[in-house]
Amino acid sequence: NFSHVTEFILLGLSSTRETQILFFITFLLAYVMVLLGNLLIIVTVTTDPKLSSPMYFLLCNLSFIDICCTSVTFPRMLVDLLSQRKAIAFEGCIAQLFFLHFVGASEMFLLTVMTYDRYVAICKPLHYTATMSRQVCWVLVCACWAGGFFHSIVQTLLTIQLPFCGPNTIDSYFCDVPPVIRLACTDIYVTEWLMASNSGFISLVCFLVLVASYMFILVTVRGRFSESHWKALSTCASHIMVVTLFFVPCIFIYLRPFSAFPSDKHVCVIYTVFSPVMNPLIYTLRNNEVKVSMWKLWKRCKV
């Protein structure tokens, strides 16, 4: 693509050595929590027959996506925090960009599917087993991954066709579309609007669908709160917390022309660090069935 840039320099979150060490310890602990927490959820759901409902099947897939998503950015970020020169090859940067959008968009679609699952469970409980069969769940999960792949291919192709022949400094701690295409030595007006209409539109539409679904659930169950309804709504409340942490920063980053704001890389920390850390905490600490299954798994491991 006539690019002369062979590598990019990541500025990271801070240039102060003491702050970098603090970030390294914090993010290392966060990464360990994400890996252990989500692996524990996957093992618990797959080994306990009582957790065979579609909700837990989708939760297991969400945990797998969170592991993939954090593994795209965390290892490189941790290495860079201890390095003097934070350089990443052009090919490595494009690969990170591709996989980040692949798993990120797949997670957006999966969260939307999980909302549909909660809608059917609460509003149409008699049809839940037939509507959310295991075959349907597999089709929905595969569709999420396929949608994420198609989205990422579009973003990557629009990026690699740009010429990079000048500055190579990225004011972030990972390679993403907005900071990378700003370095292109050509007019990117059309490209950035195409990308914003892609990533930003997906983020906004999924978020609006999620909000509308929860509003519809609340209206539907109004006035007939049984114990099962309260339990389902509690699950929805946890889901809303994850959705807000994940979607709002994405909408802020992608649903606008890619002009640089000083706060951009700090906003990115919310959906690349805090949201994956919160997922296993919210879905385990607020779910008695998962906690009981984890306790049984712990006792079996001790024996």
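Cβ atoms here come from the backbone N, Cα and C positions, even for glycine.
Annotation source TrEMBL lists transmembrane segment at 20-43, 55-74, 94-116, 136-154, 201-221, 233-255, 267-285. Marked as domain 'G-protein coupled receptors family 1 profile' by TrEMBL: 37-283.
Using a cut-off of 8 Å between Cβ atoms, the transmembrane segment (20-43) and the transmembrane segment (267-285) share at least three residue pairs, counting only pairs 6 or more apart in sequence. Of the recorded ranges 55-74, 94-116, 267-285, the transmembrane segment (201-221) has the largest number of C-beta contacts under 8 angstroms with 94-116. Sequence-distant contacts of the transmembrane segment (94-116) (same chain, at least 6 residues past either end, Cβ-Cβ under 8 Å): 55, 58-59, 61-62, 65-66, 68-69, 72-73, 76, 88, 140-141, 143-145, 147-149, 151-153, 155-156, 159-160, 174-177, 180, 199, 202-203, 206, 209-210, 213-214, 239, 242-243, 246-247, 250.
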